[in-house]
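Take a look at the structure set out below.
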Ligand SMILES: Cc1cc2nc3c(=O)[nH]c(=O)nc-3n(C[C@H](O)[C@H](O)[C@H](O)COP(=O)(O)O)c2cc1C
């Protein structure tokens with residue numbers, strides 16, 4: 001069976017894994033003062049160092065954004081947590097994570113030992129939760145923070161902060177007071193005025209923005225008439241959200257010409273990543289594609305690196321951390 | 001108990017003729033084997049790759065056996081490990097995880113039911129087509145006890161990992177140590193397959209009873225056995241829970257191969273979790289094998 005949709009070919013790169021892991025990178029970027037060896041990072045929640053480092057050298061990525069970490073361990077949502085949807089997936093993990101102590105004892109030291117550029121993605125149910133995590137990370141070796149105010153799958157905190165400009169301004173201002181680390185704020189698409197939200201984050205001291213997190217969605221099993229996800233709704237990601245996410249990045253870039261932006265959503269190849277750069281992103285993160293192939297983020301980074309050869313102006317801007 | 005498996009030396013690997021079409025061996029010969037690689041002293045597993053299909057055949061109404069050629073998987077897969085299979089359909093991207101069934105030379109077989117559009121597409125594939133795979137994934141049954149009697153209790157489409165366990169025990173010279181108890185809805189579609197590796201197949205279908213009926217009938221026999229008895233089981237959760245209850249009331253050790261709805265299948269997304277006495281575990285990475293004790297299933301009915 002063939003469809004009109006272009007195949008997301010996991011093996012489209014002609015490069016061998018050997019080359020992907022060893023060739024020098026030609027087109028670096030800078031995000032909020034932090035050098036990335038290429039403009040492609042892994043997105044939070046779809047990267048786990050123990051799982052992924054069995055397949056590739058995670059230090060080859062521009063950066064890796066780790067799973068949302070909370071001050072204490074979170075159990076997450078009941079199962080089933082995933083449902084397929086055309087050209088995408090709906091998930092409701094509910095930010096299950098083993099907590100900050102575990103992260104500091106295991107994931108972070110392992111990543112730094114491997115030489116990765118680490119973005120620590122921070123989760124919380126309340127301002128106080130976020131503050132405690134960010135405070136404890138102040139002197140830890142993570143390179144950047146990504147404040148997740150956009151998870152649609154937790155009942156308190158998460159997206160409720162990221163959809164309210166005032167609440168967001170308050171939280172980011174409080175975090176700015178306690179950390180000098182480059183701070184990315186990860187935005188939700190589940191809002192009517194993305195520019196207003198983005199401005200609130202930047203006014204309060206965000207060093208960069210990443211967008212988008214998942215869109216709220218659901219699927220129903222028509223045999224039972226019941227929702228497939230135990231949590232009923234989840235977050236939609238994958239190629240089906242690509243054009244939506246791209247337009248969010250473009251709208252924020254048009255309104256805020258100077259803030260570093262990381263584009264996220266539905267990237268499955270180097271050309272998709274390039275579209276984000278043209279829309280005004282300084283870098284991208286790859287999420288759901290990594291669920292289809294562990295080395296997808298690395299392959300996409302290699303494809304983009306080659307595509308940038310023919311676009312020297314864009315590559316030069318990237319290298320200087322400049323935007324549009 | 002740890003389910004991390006320490007491979008014992010395999011005495012004799014099953015090397016019968018390819019089971020697919022006549023040109024199956026040609027399909028395999030033409031294919032360049034995938035391999036893990038070593039870079040700067042670090043070794044990496046092979047990621048997703050395209051491999052040839054050797055055969056696709058129907059075993060029963062809506063039940064399909066699909067055989068691929070992948071030397072890496074054939075050499076490295078152990079019982080209860082699984083592989084992600086991918087459709088060619090740009091709308092159906094997510095991996096379909098299937099338990100690894102038989103291994104013959106470079107060929108690896110899977111058995112699955114057509115339950116939706118993705119599995120229907122696999123069923124339409126033909127010998128010589130290519131399919132994307134990732135694996136082997138997950139941990140394995142603990143088969144390290146040299147003198148144990150293994151009872152393989154499977155229900156419906158839960159039989160493939162048990163067939164692989166039977167084959168593994170057979171190929172490591174322990175063929176007289178297994179009893180296969182497979183429960184079917186109607187047709188006993190896997191009996192002839194597992195029968196190659198186990199000379200004691202006691203299957204049952206819904207008209208005759210269920211796997212507990214067979215276990216009950218073995219009660220006296222099992223009491224006579226002085227060797228340790230280990231039950232390996234895979235199938236619908238209510239069946240596995242009934243097996244756990246049956247076994248624990250008799251002090252028999254159990255290992256269950258769980259099938260939870262998965263995201264990535266290799267431990268990165270935290271979608272396929274199960275509650276254990278040690279907290280929530282990832283089925284794909286920390287499982288799919290868990291003991292009744294770990295699952296808290298010993299006293300559940
Ligand atoms: C299984 C899963 C878990 C996720 N967990 C997180 C998380 O912990 N923190 C976060 O900020 N985003 C999380 N996300 C959102 C992704 O980072 C990303 O923003 C989104 O999936 C869109 O990108 P994609 O289409 O490339 O997947 C998760 C996404 C998925 C699919």
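In case you wondered, yes, glycine gets a Cβ from its N, Cα and C as well.
Some features that TrEMBL has for this protein:
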BINDING   B:118, B:119  FAD binding site
BINDING   B:264, B:269, B:272, B:284  [2Fe-2S] cluster binding site
COMPBIAS  B:1-10  compositional bias 'Polar residues'
DOMAIN    B:46-143  domain 'FAD-binding FR-type'
REGION    B:1-25  region 'Disordered'
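Between the C-alpha atoms of residue B:284 ([2Fe-2S] cluster binding site) and residue B:119 (FAD binding site), the distance comes to 20 Å. If you take the Cα of residue B:119 (FAD binding site) and the Cα of residue B:264 ([2Fe-2S] cluster binding site), they are about 17 angstrom apart, rounded to a whole number. Counting other CB atoms no more than 10 Å from each candidate's CB, the binding-site residues B:264, B:272 peak at B:264. When the domain 'FAD-binding FR-type' (B:46-143) is classified with DSSP, helix, strand and coil residues number 14 helix, 45 strand, 39 coil. Residues from the binding-site residues list (B:118, B:119, B:264) with a C-beta closer than 6 Å to any atom of ligand 1: none. Put plainly, the binding-site residues B:118, B:284 were compared by Cβ crowding within 10 Å, and the winner is B:284.
Residue B:269 ([2Fe-2S] cluster binding site) sits 21 Å from residue B:118 (FAD binding site), taking the CA atoms of both as reference points. In the structure as shown, the Cβ atom of residue B:269 ([2Fe-2S] cluster binding site) sits within 10 Å of 27 other Cβ atoms.
In sequence order, the binding-site residues from B:119, B:264, B:269, B:284 that place a Cβ under 8 angstroms from a chain A Cβ are B:264, B:269. The Cβ neighbour count for residue B:119 (FAD binding site), using a 10 Å radius over every protein chain in view, is 19. Counting in whole angstrom, residue B:264 ([2Fe-2S] cluster binding site) lies 16 from residue B:118 (FAD binding site) by their C-alpha atoms. In this structure, the C-alpha atom of residue B:272 ([2Fe-2S] cluster binding site) lies 19 angstrom from that of residue B:118 (FAD binding site).
According to DSSP, residue B:284 ([2Fe-2S] cluster binding site) sits in a coil region rather than a helix or strand.
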